[in-house]
Amino acid sequence: MNLMISLMINSLLSSIVIILAFWLPQLYLYLEKSSPYECGFDPLGSARLPFSLKFFLIAITFLLFDLEIALLLPLPWAIQMTNPFMMTILSYCLIILLTAGLAYEWIQKGLEWTE
């Protein structure tokens, strides 16, 4: 019973906050809030400037290897299990897969900034 009351109160409060979040910004709309803002500079030209594909690829590669760190962080706690053999095999597979991906990027010259 306490769980149901807690869920109902949380649902009610969440609904109120969501409704307020949709209605409040419309009440106080003024020019500065609706104008585009880019690092303190007013836009002078088109916003459709060419984007460096090399920068994009390096950023995606960074995100993938950042995800690797997030996947490997729980390993010290997993080592404390009674049978850490499966955890060790899975972590080695993850590291081998990411090393193969890094080697592929390196061979395809995806990590070189200049051509």
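If you go along the chain as it appears here, the first residue is 1 and each next one adds 1.
Using the three backbone atoms N, Cα and C, a Cβ is placed for every residue, glycine included.
Note: TrEMBL annotation is automatic and uncurated.
Here TrEMBL flags 12-31 (among others) as transmembrane segment.
Residues 91, 94-95, 98, 101-102, 105, 110-111, 113 of the same chain lie 6+ residues outside the transmembrane segment (51-73) yet bring a C-beta within less than 8 angstroms of a C-beta in it. Here TrEMBL flags 51-73 (among others) as transmembrane segment.
Annotation source TrEMBL lists transmembrane segment at 85-107 (among others).
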Non-local residues, at least 6 beyond the ends, that sit with Cβ under 8 Å of the transmembrane segment (85-107): 61, 64-65, 68, 71-72, 75, 78-79
